[in-house]
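Visitor: Here's a structure for you.
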Amino acid sequence: MYRYKITIEYLGTNLAGWQRQAGVMSVQQILEEAIYKFSGEQVILFGSGRTDAGVHAIGQVAHFDLSKYLEPHKIITAINYFARPYAVVVWHCAIVLNDFHARFSATSRHYIYRIINRPYPSVIDLNRAWWISSPLDVLAMQKAAAYLLGKHDFTSFRASSCQSKSPIKTLTELNIVKGDEEIKLYLSAPSFLHHMVRNIVGSLVLVGKNIWQAEHIKDVLEAKDRKAAGLTAPAYGLYFVKTEY
């Protein structure tokens, strides 16, 4: 068997997320069906992260096995040909060792969350960034973010449906960068809880609106209660950027 590692970009707007689900179209299903059409083999695609419906990806990584050798550039061309009705593109492919696993071999995952912060919405960024009309205090958000860095119990920021065995995660990066009309939040960790990034963003926005003081984020973290945190930020502002191995 030959194991292939692919890197994928997709627009999540009209997709039901990464994972295959009955009755809806997912990224996993689109790619598995595309692979079958050119290889004749039923494969299971393993992704490095299970993005929710509406979440986008710039560098999602996945792997699959085929019984025959195919040149990586031909795999890219073939997948993109059969996946072309959808906003899903493979932009890199390589043969890897058979012990490589897109999910379990990962050492770090990186996300970006985009906020358009101006009085009027952006047509160009519709369903690609969260529009917030009121000015956000980025300095206060940065101060609050510092409380979340490092190893913590992130129960307050996990979805009620989260299936992770432990709420303990290590946030290695949480940078907030302000442009003229856009705020980007950069988050990195070896792994994340379900909705963790979006719940962190939603809470930091409350700080940015001066509804919460920056120090309140520490209280939210220590509460270990989802009800203590802010709203879940919209899925469409989130981008899965990169996985490191």
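Cβ coordinates are placed from backbone N, Cα and C, and glycine is handled just like the others.
Note that the structure is a prediction, hence the values are computed from the model and not measured.
Sharing the feature lines straight out of Swiss-Prot:
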- Asp52: active site, nucleophile (ACT_SITE)
- Tyr111: substrate binding site (BINDING)
Visitor: Measuring Cα to Cα, how many Å separate the residue listed as 'active site, nucleophile' from Tyr111 (substrate binding site)?
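Guide: The residue listed as 'active site, nucleophile' to Tyr111 (substrate binding site), Cα-Cα distance: 13 Å.
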Visitor: Excluding near sequence neighbours, so keeping only residues 6 or more apart in the same chain, what lies with its CB under 8 A of Tyr111 (substrate binding site)?
Guide: Tyr186, Leu187, Ser188, Phe192, Val197, Leu238, Tyr239, Phe240, Val241
Visitor: With every protein chain in view, what's the tally of Cβ atoms within 10 Å of the Cβ of Asp52 (active site, nucleophile), excluding that atom itself?
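Guide: Taking all protein chains shown, Asp52 (active site, nucleophile) has 18 Cβ neighbours within 10 Å.
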